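*Asks:* The structure that follows is given in the form of structure tokens.
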Amino acid sequence: MNSCFVTLAILFVWRVEEMAEACSCSPAHPQQAFCSSDVVIRAKVVGEEEVDAGNDIYGNPIKRIKYDIKQSKMFKGPTQDIDAIYTAPSSAVCGVTLETNGKKEYLITGKLEADGTMHVTLCDFIEPWEDMSATQKKSLTQRYETGCDCKITRCTSIPCMINSPTECLWTDWVIEKVYNGEQAKHFACIKRNDDSCAWYRGSAPPKKDFLDIEDP
């Protein structure tokens with residue numbers, strides 16, 4: 001009886017730890033992902049291997065997946081090219097799975113570690129380049145950066161509102177029931193000349209006093 005109880009207790013603790021490690025991310029507008037990331041690159045993945053990354057507090061080895069990449073463009077990051085990215089070995093702990101045949105290009109955002117390596121998780125914005133809208137691609141070179149002082153507030157249910165003139169209300173979920181909707185694909189939240197922020201849609205950089213959702 002006692003051994004049965006101990007076994008059940010161990011299983012319970014294991015299950016609690018497993019649930020605690022489950023990956024959970026809040027949706028982010030592409031502009032938010034750009035602004036909060038240390039590195040934003042366009043690249044192909046050309047190789048994959050499992051590598052050791054030290055030990056945890058219990059002395060158990062920590063594994064990481066190393067993706068070798070061929071960078072074609074850096075939109076934000078260090079001066080040197082990134083030739084590899086690292087991620088956790090499982091989606092349960094936010095690990096990312098990428099195609100490694102070198103044919104598909106990705107936009108990859110992530111964090112730069114102290115040793116100069118780039119680490120990515122499921123919570124980062126990682127998208128096949130061909131799936132991105134023309135506006136998203138153009139915004140990577142200037143527009144998103146000009147709006148990094150603005151705050152994008154996600155609306156999950158009606159009513160929702162902003163608390164500051166420097167906020168833009170992101171309504172894709174309540175209108176379209178998807179997060180990769182019209183505002184995510186075609187709009188950027190940009191600061192105006194009066195320091196307020198508003199959604200901007202257009203192929204050219206916005207004028208200092210543009211109208212909301214202006215499309216020149």
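Keep in mind that glycine also has a Cβ here, set from the backbone N, Cα and C atoms.
The feature signal peptide is assigned by TrEMBL to 1-22. Taken from TrEMBL, the feature domain 'NTR' covers 23-148. The annotation disulfide bond is assigned in TrEMBL to CYS23-CYS94, CYS25-CYS123, CYS35-CYS148, CYS150-CYS197, CYS155-CYS160, CYS168-CYS189. What TrEMBL lists as Zn(2+) binding site is CYS23.
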*Asks:* State the Cα to Cα distance, in Å, between CYS148 (disulfide bond) and CYS189 (disulfide bond), rounded to an integer.
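*Replies:* Rounded to the nearest whole number, the Cα-Cα distance is 8 Å.
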*Asks:* Among all chains shown, work out which of the disulfide-bonded residues CYS25, CYS35, CYS94, CYS148, CYS189 has the most CB atoms within 10 A of its CB.
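*Replies:* Top count of Cβ atoms within 10 Å goes to CYS189.
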*Asks:* Hey, which of the disulfide-bonded residues CYS23, CYS155 is the loneliest by Cβ count within 10 Å?
*Replies:* CYS23
*Asks:* Using only C-alpha positions, which one of CYS23, CYS35, CYS94, CYS189 is spatially nearest CYS160 (disulfide bond)? These are the disulfide-bonded residues in the record.
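*Replies:* So, spelling it out, the nearest of the disulfide-bonded residues is CYS189.
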*Asks:* With DSSP, how much of the domain 'NTR' (23-148) is helix, how much strand and how much coil, in residues?
*Replies:* 23 helix, 50 strand, 53 coil
*Asks:* If you average per-residue pLDDT over the domain 'NTR' (23-148), what number do you get?
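*Replies:* Mean pLDDT, the domain 'NTR' (23-148): 94.
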*Asks:* Of CYS150, CYS160, CYS168, the disulfide-bonded residues given in the record, which has the fewest other CB atoms within 10 A of its CB?
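*Replies:* Output over disulfide-bonded residues CYS150, CYS160, CYS168: least Cβ neighbours within 10 Å is CYS160.
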*Asks:* Looking only at C-alpha atoms, tell me how far CYS189 (disulfide bond) is from CYS35 (disulfide bond), rounded to the nearest Å.
*Replies:* 12
*Asks:* Among the disulfide-bonded residues listed here (CYS35, CYS94, CYS197), which has the Cα closest to the Cα of CYS168 (disulfide bond)?
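*Replies:* So, spelling it out, the nearest of the disulfide-bonded residues is CYS197.
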*Asks:* I want to check the contact list for CYS123 (disulfide bond): same chain, sequence separation of six or more, C-beta distance under 8 angstroms. What comes out?
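*Replies:* Residues satisfying the criterion: CYS23, CYS25, SER26, ALA28, CYS94.
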*Asks:* Give the number of CB atoms, excluding that of CYS197 (disulfide bond) itself, located within 10 Å of its CB.
*Replies:* 23
